[in-house]
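Please read the structure below before turning to the comments.
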Amino acid sequence: MALAVVLLSIWVLLISPAHSLTCTSQRLTNNKKPYDSCLDLPTLSSYLHYTYNATNSSLSIAFVSTPASPDGWVAWAINPTAKGMAGSQALIALKSSGSLVVKTYNIISYSNLTESKLSFQTWDLKAESGASGTTVIYGKLKVPEKAETLNQVWQVGAQVANGHPMKHEFKQANLQAKGPLNLVKKPGSLTPASAPTPGTPGSPGVPSPDRGGQSMIRANVVGLFMGLVLFLVTVSAL
């Protein structure tokens, strides 16, 4: 009996870190009603909670990510015309005059970010600090009627100057921070927008640092657990 208790305790301790990485474990404080779906985005330790209302073609979202520095920014965007950052319509959370706010930007190009109204209607925009240094963007937006898939983009940056976001890094994780948002099918975890080169994080056999290598963590947990079982059974039999 004692052996069973020890094994169960070890299993719980080992398996918990892998599950804690998913969006389903997050608790959001601003929404009165839980979102219908959530996504573990494949890069930048980011997550999207959302509800699509086909009746009035609206999308309610909560985007969760961690700024690249405590005084940095996070962004979530929809690109109506392409799959990258250029041309996207962005919600950017940053500190302005000491307060965390959401500003809307038309990202014409990587070097031309213009604070302005977006090409679609938005309302109920709000940002708040979340757990473990995260920032949460809440908002509602109008999407094209009968839309099934949207091009989403997300990003994080380290600096804000005069109430405006400064350039983000151009590492692989930043460049891959884009992907489809399917409004009508049950979501699963996205895969990176473009395949990484062999031997780099995210390629087969190499865990992605942004997702924590969840599949490999689970595989390693199972292997370690079975090894401990064999060891304890052998010891108890002596």
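Cβ atoms here come from the backbone N, Cα and C positions, even for glycine.
Just so you know, TrEMBL annotations are computer predictions that nobody has curated.
Annotated in TrEMBL:
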- 198-207: compositional bias 'Pro residues' (COMPBIAS)
- 44-157: domain 'DOMON' (DOMAIN)
- 186-212: region 'Disordered' (REGION)
- 217-237: transmembrane segment (TRANSMEM)
Per-state residue totals over the domain 'DOMON' (44-157) - DSSP helix, strand, coil: 3 helix, 69 strand, 42 coil
Segment confidence, the domain 'DOMON' (44-157), expressed as mean pLDDT: 95
